[in-house]
Amino acid sequence: MTNLPPIGIRLLPSLDGTPNSSRTLRYKIFILIFTFLCYTSYHLSRKPISVVKSVLNRNCSLSISDPSVVVNTSSHGNNTKWCDWKPFDQDNAGSLLGSLDLAYLFSYAVGMFISGQVAERVHLRYFLSAGMISSGIMTILFGMGYFWNIHNIAFFIGIQVIGGLVQSSGWPSVVTCVGNWYGKGKRGLIMGIWNSHTSVGNILGSLIAGIFVNTAWGWSFIVPGIIIGTLGILVFFFMVPSPEEVKCELPDQLPATKYTDRATESSDLNTESYKEYGATNSQSSQTSLISLDKSKEKPISLWRALLIPGVIEFSLCLFFAKLVSYTFLFWLPKYIHEKANYDPEKAADISTLFDVGGIFGGISAGLLSDFTGMRATTCVLMLALSAPVLYIYNLYGSLSLAHSIGLSMVCGFFVNGPYALITTAVSADLGTHEVLKGNSKALSTVTAIIDGTGSIGAAVGPLLAGVIESSGWNNVFYMLIGSDIMALLLLLRLLYKEISSSLRRS
């Protein structure tokens with residue numbers, strides 16, 4: 001049965017009308033902006049916890065000027081944790097805060113693998129809308145813990161677990177929508193710009209949370225929850241996941257970009273494994289691995305997606321790259337607050353500069369990889385520069401405001417560049433790889449595998465930071481530098497193949 005356009009689209013005269021290239025272009029621009037706003041709201045609603053950590057657990061003797069702290073020093077003696085939010089007023093507060101991150105990110109990672117499969121079997125508009133509304137509800141409930149005066153760790157962990165599951169609906173959905181509307185021509189640049197929604201969401205989330213963190217931190221969650229929930233309702237009425245629904249021109253998915261051609265050349269072993277798998281499981285030797293007709297009816301399995309050349313390497317690389325990025329996402333405001341002695345609101349504002357750098361890093365990575373056609377090489381270059389930059393940031397970032405601002409942006413540039421490239425252009429390339437023979441239903445699964453694996457790293461990073469932080473921030477940065485090096489090493493085979501292929505072509 002043909003899916004009708006959503007009712008909101010049918011009421012928009014500027015998008016409705018006779019099918020033509022101009023109409024298709026209007027839809028493509030609309031979808032790009034709309035999905036940008038959708039995923040911005042996802043990150044906007046994730047960010048508050050990193051800002052609020054600074055008031056859930058702090059040194060109360062340094063908070064005398066804080067308007068959120070009612071001071072009665074005579075009744076507290078030498079207790080420096082009297083103003084903390086129970087149960088985060090204990091010596092194991094770092095581990096408890098880390099457990100909140102772990103609960104969210106682990107359930108997010110598990111949910112990501114499930115979401116990729118579900119997204120290919122249900123209508124994306126319904127799936128994305130339900131996920132956004134549910135995410136809004138869970139974010140609001142976390143904030144209500146402040147007004148309900150809840151001090152039970154089980155409540156907050158439960159909210160984080162459910163929140164992680166429903167938040168996993170976002171990424172496979174929006175990447176698939178964009179992949180359905182845009183061909184491979186300048187995918188790296190387009191998706192590099194589009195992927196700035198991650199950083200924009202983090203920036204807005206930090207700024208909104210920072211407004212309320214010193215007065216009533218519950219609003220730091222409630223306001224972002226309302227925003228993502230409202231956008232979820234708009235998705236139900238306006239999202240068009242694919243051109244077929246509105247009779248628009250289909251984008252060219254083949255021929256593949258230079259990267260896909262080179263990746264195919266450089267991964268003959270993986271390709272042969274994929275073909276072998278198809279041959280042994282086919283009912284007829286004359287049937288291709290994935291026929292064009294069947295691909296439109298049958299979603300790809302997780303196992304077949306893993307056999308696509310490059311999926312395993314980039315997935316494991318993203319494990320470590322996202323570990324670093326999400327450690328900054330969840331712990332940077334607290335690090336700045338403690339290392340540079342800024343108040344929580346100012347620390348939250350400064351932390352947004354990491355994401356400003358991340359915007360330029362993602363765009364630059366996409367532009368460079370489009371120009372060279374070498375995605376893995378671009379990632380390796382940025383990862384190689386990221387490790388020394390992290391060391392310098394930890395050494396000099398707290399010396400002055402200028403140092404903190406400049407080095408935060410440089411760190412964001414190199415840390416988020418590879419992460420942005422892998423989760424967008426690389427995922428979209430591999431999800432429409434030529435070995436799939438036109439299977440348009442593989443994109444959500446491939447995206448979910450890559451980002452799901454990365455999300456496991458995202459769960460591990462903040463947890464380790466919470467445990468290691470008690471022994472000093474230097475050790476946290478050593479862990480981050482080691483993770484960057486591991487991410488680089490995992491791409492060396494693809495780097496060698498890309499360079500070899502480039503030399504043969506020249």
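Backbone N, Cα and C atoms are what each Cβ position is placed from, and that goes for glycine too.
Note: TrEMBL annotation is automatic and uncurated.
Here TrEMBL flags 25-44 (among others) as transmembrane segment. Remote same-chain residues near the transmembrane segment (25-44) are listed as 14-15, 128, 132, 135, 167, 170-171, 174, 177-178, 181-182, 190, 194, 197-202, 204-205, 208, 224, 227-228, 231, 235, 238-240, 243, 246, 248 (criterion: CB distance under 8 Å, separation of at least six residues from the stretch ends).
For 31-499, the entry in TrEMBL reads domain 'Major facilitator superfamily (MFS) profile'.
Among residues of the same chain six or more beyond the transmembrane segment (95-114), those with a C-beta under 8 A of the stretch's C-beta atoms are 46, 49, 53, 56-57, 87-88, 153, 156-157, 160-169, 171-172, 302, 326, 330, 448-449, 451-453, 455-456, 458-459, 462-467. As annotated by TrEMBL, transmembrane segment applies to 95-114 (among others).
Within the chain carrying the transmembrane segment (126-147), a Cβ under 8 angstroms from the stretch's Cβ atoms is held by residues 38, 41-42, 45, 48-49, 115, 118-119, 155-156, 159-160, 162-163, 166-170, 173-174, 177, 216-222, 224-233, 235-236, 239, all 6 or more beyond its ends. Marked as transmembrane segment by TrEMBL: 126-147 (among others).
Taking Cβ pairs closer than 8 Å, the transmembrane segment (153-182) reaches residues 27-28, 31-32, 35, 38-39, 42, 45-46, 87, 96, 99-101, 103-112, 114-116, 119-120, 124, 127-128, 130-132, 134-135, 138-139, 141-142, 145, 190-191, 194, 239, 241-243, 251, 423-424, 427-428, 431-432, 440, 443-444, 447-448, 451, 455 in its own chain, all 6 or more past its ends. Per TrEMBL, the feature transmembrane segment maps to 153-182 (among others).
Under the heading transmembrane segment, TrEMBL lists 194-213 (among others). Outside the transmembrane segment (194-213), and at least 6 residues removed from its termini, the chain residues within Cβ reach (under 8 Å) are 32, 35-37, 39-48, 50-52, 54-55, 68, 178, 219-221, 223-224, 329, 333, 344-345, 348-349, 351-352, 355-356, 358-359, 362-363, 366, 412, 416, 420, 423-424.
The list of residues near the transmembrane segment (219-240) in space but at least 6 beyond its ends in sequence, with Cβ under 8 angstroms from a Cβ of it, reads 5-9, 12, 27, 30-31, 34, 37-38, 41-42, 44-45, 47-49, 51-52, 124-126, 128-133, 135-140, 142-144, 177, 205, 208-213, 246. Per TrEMBL, transmembrane segment is recorded for 219-240 (among others).
Annotated transmembrane segment per TrEMBL: 306-330 (among others), in sequence order. Long-range neighbours of the transmembrane segment (306-330) within the same chain, counting only residues 6 or more positions beyond its ends whose Cβ lies under 8 Å from a Cβ of the stretch, are 46-47, 49-50, 53, 101, 105, 202, 263-264, 266-267, 270-271, 273-274, 277, 354, 358, 376, 379, 383, 386, 390, 411-412, 415-416, 418-419, 422-423, 426-427, 430, 433, 435-436, 442, 446, 449-451, 453-462, 464-465, 476, 480, 483-484, 486-487, 490-491, 493-494.
For 350-369 (among others), the entry in TrEMBL reads transmembrane segment. For the transmembrane segment (350-369), the residues of the chain that approach it from at least six positions outside its boundaries are 50-51, 187-193, 195-196, 198-200, 202-203, 206-207, 259, 325, 328, 332-333, 336, 340, 342, 375, 377-379, 382, 401, 404-405, 408-421, 424-425, judged by C-beta separation under 8 angstroms.
Among the features that TrEMBL reports, transmembrane segment is placed at 376-393 (among others).
Annotation source TrEMBL lists transmembrane segment at 405-430 (among others).
The transmembrane segment annotation in TrEMBL covers 442-464 (among others).
As annotated by TrEMBL, transmembrane segment applies to 476-496 (among others). Listed as Cβ neighbours of the transmembrane segment (476-496) (distance under 8 Å, sequence separation of 6 or more from its ends, same chain) are residues 263, 266-267, 310, 313-314, 316-321, 323-324, 327, 331, 335, 376-377, 379-380, 383-384, 386-387, 390-391, 393-394, 415, 418, 457, 461, 464-465, 468-469.
Mean predicted confidence for the domain 'Major facilitator superfamily (MFS) profile' (31-499): the pLDDT average there is 80. If you look at the transmembrane segment (405-430), the same-chain residues 6 or more away from its ends with a CB under 8 A from one of its CBs are 171, 175, 178-179, 184, 187-188, 191-192, 194-195, 198-199, 256-257, 259-260, 263, 308-311, 314, 317-318, 321-322, 324-325, 328, 332, 350-351, 353-362, 364-366, 369-370, 375, 378-379, 382-383, 385-386, 389-390, 392-393, 396-397, 443, 446-447, 450-451, 454, 484, 487.
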